[in-house]
Structures are given as structure tokens and as C-alpha cells.
């Protein structure tokens, strides 16, 4: 091989055809690779780098937005909670007040009812007493009549009537 | 060794069939492998695309170590092509070696001194061209041949010539030696029948593994040195 090199260098003026062929072939290979392998791949790599950079920027912006939103939401939440607390305490107060009102009403009602009942009872008792009194009077009169009818004779009766008439004249 | 060759002439230029066939097949393999790898690219790389991008990042890394600037960016594609071609050229002779009537038609193209030196010529040529175009001819002469002192001109001339020769011959020597040892191992393997075939095969396996490694290293060294030679010519 080395002989060939030296020999070629000496006698054949180097195998310049080989040199030329390699040069041309290498240029051709570069052209083809540029078009079919290097070009597309490096373009894809650049695109990817670009996309990653864009994505990072977008992510940054979106994170800021998200943080803003989160802050706003937090504030809203706090406001809502306060409002809810307010509503609950209001409702509690109203409930308490209403309850007290109800109890007072009930107490008043029951008191009135008690009084009315007591008055009714009193009245009923009086009526009953009156009724009983009348009955007793009737009964005693009847009993008295029965006793009197049995024991009173005509003469006695006459004397009694006279006494009564006398009484009438006196009482006038 | 006085190897036989089959050649033809066009317009006074001598062409060797082995060189033409080897170079063509090597380049075809490089092209089709890379074409296949760059086929159906996606934003999220996977499999072969990942491998291709890894190779590209690797050669880009070589360039950026010496030339971290716009000139380096322009050289990245050259470095990539050079690396792929030399790598494949170094390996193909280990995988396939075709001889007909004592003429080797398929071997490592880089095992031919002329091809290795042609590649070196392209690399060195590019480095000189870039130096002239970047610095202007006056500064180029001053930087490359008259520094640090004009008195060192002869040494600088020798330096430039030897850097070209060593760049090519280092590659040629490594690959040629690898193939020569393979040929010797083959002669050893068929020397005494089965007795030498088995150890011969074992040694061949080991040697091919080593040669694959050497081939990769030489491709890396060639590209690295190309970039170093280019960058040292650009230093004002």
C-alpha cells in the first residue's frame, strides 16, 4: 500500500482521479445530508428550543395569572366567610328574639287562660251553689209541707191563716 | 506490499475502482442510515431520532470546544458530515472486505492514504480559507506564518505542512494497521486447519472490537483536530 502511494506519487503523478472523486463525492454527501438529514433535524431541534422557551414564558405568565387569581379568590373567600358569619349571627339573634317573643306570648296566653279558667270555675261554683240552695229550699219546703200536712188540723189551719192575714195587715 | 489495483483513466486522471466502490458504498450507507434516522421527525424525539440528535449534539460539542462563535456554527454541519463519513469508513472494512483476484474492491476507504489525505486536505483547506476570509490576507500571513516572530517562518511552514500530513496519515495509519492485522489474523487462522482457526477467530473477535473502538476514536480525533487547526488560525 505504501509502495503504491510512493509509486503513484512518483510515476503516475498521484492518482488524482481518486482525490477528485472523493472531493466530489464528499460534497455530494454534504448536499444530500443537508437536505434530508441535517436540515430537518436541526430545524426540529431549533423549533423545539423555541417551543421550550415559549412554553417557559407562557408558564411564567400563567403562573403569575394564577397567583393573582388565587389572591383574588382568597380575598373573595374571606369576604364570603365574613358575610356568612354575619348571616349566621344575624339569624341567631333573630332566632333568639323570636324565641323569647314566643315564650313571652305563651306565658301571657297561659296566664290569661289560667285566669279565665279560674273565673269560670268560680262562676260555675256559684251557679252550682245557687242551684243547690234552691233545691235545698224546695226540698225543705216540700218536706215541711209533708210534715205540716200530716200534723196540721182544720182548727190549727184556720188559726194559722188568721195569723197570716193579721200579719199582712200589720206589714201594710 | 505492492497491492494490486484495478484502475481506469479519464482525461489523464487515474481512478481506482476499489476507491470509487468503497467511497460510494460508505457514503450510501451514511446517507441512507441518516435519512432513515431523520425520517418522521417529531417534536418529542424518541428512538432513532434521539440517537441522531445525540450524534449531532456530540459533533456540535466538538466544534464548540474550539470555536464557540459564529464560525463554529457554520462548521457544525461539516463536522457532522466528516465525523459520520470517517466513522462509517473506518468501520466498513471491519465488517466487509471483498477481494477478487487479489484486488480488494471493498475495504475501509480511510485505509487508503490518498483518501485520508484528501479529507485532511479538505479540512486544512477550510481552515486556511476561513482564516483568510476572517482576518484578511495580510493578517492571515502574519498569524499563520510569521508568528510569534517573522524569523520563525521556515518552522511555521514545516508546521503547517506536517499538521496536514499528520492529520491525514494518522487516520490512514490507524485504519490501515487495523486491516493489516486482520489480514494477518486471517492468514494465521487458515494456516493449520481447525487448530489455528479457533484461536484465530477468538483473536479476530478481540481485534475487531478494538478496531471498532479505534475507528470511533480516530473519527473523533480527526474532527477535533480539524477544529483545533481552524481555531488556531483564527487567533489574532
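The backbone N, Cα and C atoms fix where each Cβ goes, and this holds for glycine too.
Among the ranges B:114-132, B:133-151, the stretch that TrEMBL annotates as transmembrane segment is B:114-132. Within the listed segments B:17-38, B:39-60, TrEMBL records transmembrane segment for the stretch B:17-38.
Non-local neighbours of the transmembrane segment (B:77-99) in the same chain are 22-23, 25-27, 29-30, 33-34, 55-56, 58-60, 62-63, 105-111, 115, 119, 122-123, 126, 171, 175, 178-179, 182, 208, 211-212, 214-216, 218-220, 222-223, 226-227; each lies 6+ residues outside the stretch with a CB under 8 Å from one of its CB atoms.
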